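Colleague: Input: one structure, supplied below.
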Amino acid sequence: MNKWLCCALLVLLDIIEWTTQETLPPKYLHYDPETGHQLLCDKCAPGTYLKQHCTVRRKTLCVPCPDHSYTDSWHTSDECVYCSPVCKELQSVKQECNRTHNRVCECEEGRYLEIEFCLKHRSCPPGSGVVQAGTPERNTVCKKCPDGFFSGETSSKAPCIKHTNCSTFGLLLIQKGNATHDNVCSGNREATQKCGIDVTLCEEAFFRFAVPTKIIPNWLSVLVDSLPGTKVNAESVERIKRRHSSQEQTFQLLKLWKHQNRDQEMVKKIIQDIDLCESSVQRHLGHSNLTTEQLLALMESLPGKKISPEEIERTRKTCKSSEQLLKLLSLWRIKNGDQDTLKGLMYALKHLKTSHFPKTVTHSLRKTMRFLHSFTMYRLYQKLFLEMIGNQVQSVKISCL
C-alpha cells in the first residue's frame, strides 16, 4: 500500500511540476513544518537565489546574486554559481559575467573551438572555394570549384569565382580556364581604357578643397559664372542643389564641370599640374599588389554600400595592379552617392586594426591621406583653384580638407 501511495505521489508531483511551469513565476512544492502542509512556493528568478521558503503568511524571499556569480534560470537553489574566472588561451570575452549570465568566451578571429582548443580555420587550397565561412564555433567548409568557376589562391575566406567572360570586355578567349585558373583573354588596349576612374583621389581632394569654410549666399551661382569653358546649365545646378547638402554641392559642380570640359585646355592644364599629386599617390599605393581576399576585406571595412566580390574580380581583370585599389575606391564613392573617399578610408583603417590586414598597406594608406592633407598640397590646390576661376572670388576663404 505504501509503495502504491509513493508512486501516486511521484506522478502527482510530476503533473504539478509540469502545469506550474506554464505560469510565471513557476512554482515548487515545499513542506511547511509550522503547519504540516505542502505549499506551492514561487521559484527564484534568474539573477537571484533563495533566502527563505514561502509560508502561509509570506511569499518566497529571493535576493540578488553577489558580484562574480549568477543564476540563469528559475530555480530553488540557496546559492548562486560562480562565474568562470578567465577565458582560455586564444579566446576573448564575448559577454562579461553578470547576475543572470556566466562569462561567455569565444575564439579570436580566424579560429574556432574544437573540444578545448582554438584551432585556425581551414584554408581552402587552389581549386576549392569557401562555401561556409568559419566562425568562432565552426571550421571553414571548402568545396571543389564546379565547372565554370575557379580559385587560384589558398584562402579561408575566398569563394570560387566565375570564369571571366572575355566577350563582355570585347576580348577573345585564347585559353580556357579550369578549377585553378581563370580564362585567358587576348590583350587589348580597349580593356585598359575600361579601367577609367572618373575622379582620382587627387582630383577629389582638390575639388573638395574648393568648398568654402562658410558657405556664402549664392556661392554655387558665383562659382558657375566664374568657371571657364562650357557652363554647367541651370537645370543641372538645380538638380545638384536638390540632391546634395551645401557642403557637397561644390564637389558635384566641379565634377560635372570637369566632365563637360575634359577637352578644354584649362582642364588639361589642371590635370597636368595634379600629376605631381598622382605620382606621389602611386608611389604610396601602386606597389601594394593586394590579393582578392585583401581587396575584399578592405572594401568590406568601408562604411555604407559594399563593393561586391564580382566587381572586385572585374576590376582585377580590367585594371593594372597599380590601379586596382584606386579604381575600387572610386567605385565605392560612386555607389555611396559621392561620399568623401578619404573620410571613408579613415573609417576603414580604424576597423582594419583588429584584423590580420597587411600593415604595409595600412601604413601606405595613412601616408597617402597625410600627403593629400599636407601644406604643400594645400598650396597646390590654392594655386590651381585661383588659376581656374581667375580673380573673381579670391576673397572667399578656402579651407583644405
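From the backbone N, Cα and C atoms, a Cβ is placed for every residue, glycine too.
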Colleague: Based on what Swiss-Prot records, which one of Cys105, Cys107 is disulphide-bonded to Cys118?
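Modeller: Record-based pairing for Cys118: Cys107.
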Colleague: Look at the disulfide annotations in Swiss-Prot and name the partner of Cys62 from this list: Cys41, Cys44, Cys83.
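Modeller: If we follow Swiss-Prot, the cysteine bonded to Cys62 turns out to be Cys44.
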Colleague: Per Swiss-Prot, which of Cys124, Cys145 is disulfide-bonded to Cys142?
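Modeller: Its disulfide partner, as Swiss-Prot records it, is Cys124.
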Colleague: Once the chains shown are all counted, how many other Cβ atoms turn up within 10 Å of the Cβ of Cys145 (disulfide bond)?
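Modeller: Total other Cβ atoms inside 10 Å, all chains included: 24.
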Colleague: Of Cys41, Cys80, Cys105, Cys145, which is closest to Asn98 (N-linked glycosylation site) if I measure between C-alpha atoms? They're all disulfide-bonded residues.
Modeller: Cys80
Colleague: Given a Cβ distance threshold of under 8 angstroms, which distant residues of the chain, six or more beyond its ends, lie next to the repeat 'TNFR-Cys 3' (107-142)?
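Modeller: Sequence-remote neighbours of the repeat 'TNFR-Cys 3' (107-142) are 88-92, 94, 149-161, 179-180, 354-356.
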Colleague: Grab the same-chain neighbours of the repeat 'TNFR-Cys 4' (145-185) for me: Cβ-Cβ under 8 Å, and only residues 6 or more beyond its ends, written as numbers and ranges.
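Modeller: For the repeat 'TNFR-Cys 4' (145-185), the far contacts come to 110, 120-131, 133-134, 191, 194, 291-293, 296-297, 309-310, 313, 317-318.
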Colleague: Measure the Cβ-based neighbour count of Cys97 (disulfide bond), defined as the other Cβ atoms within 10 Å of its Cβ.
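Modeller: If we count other Cβ atoms within 10 Å of Cys97 (disulfide bond), we arrive at 18.
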Colleague: Please work out the number of neighbouring Cβ atoms within 10 Å of the Cβ of Cys44 (disulfide bond), leaving out its own Cβ.
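Modeller: Cys44 (disulfide bond): 26 neighbouring Cβ atoms within 10 Å.
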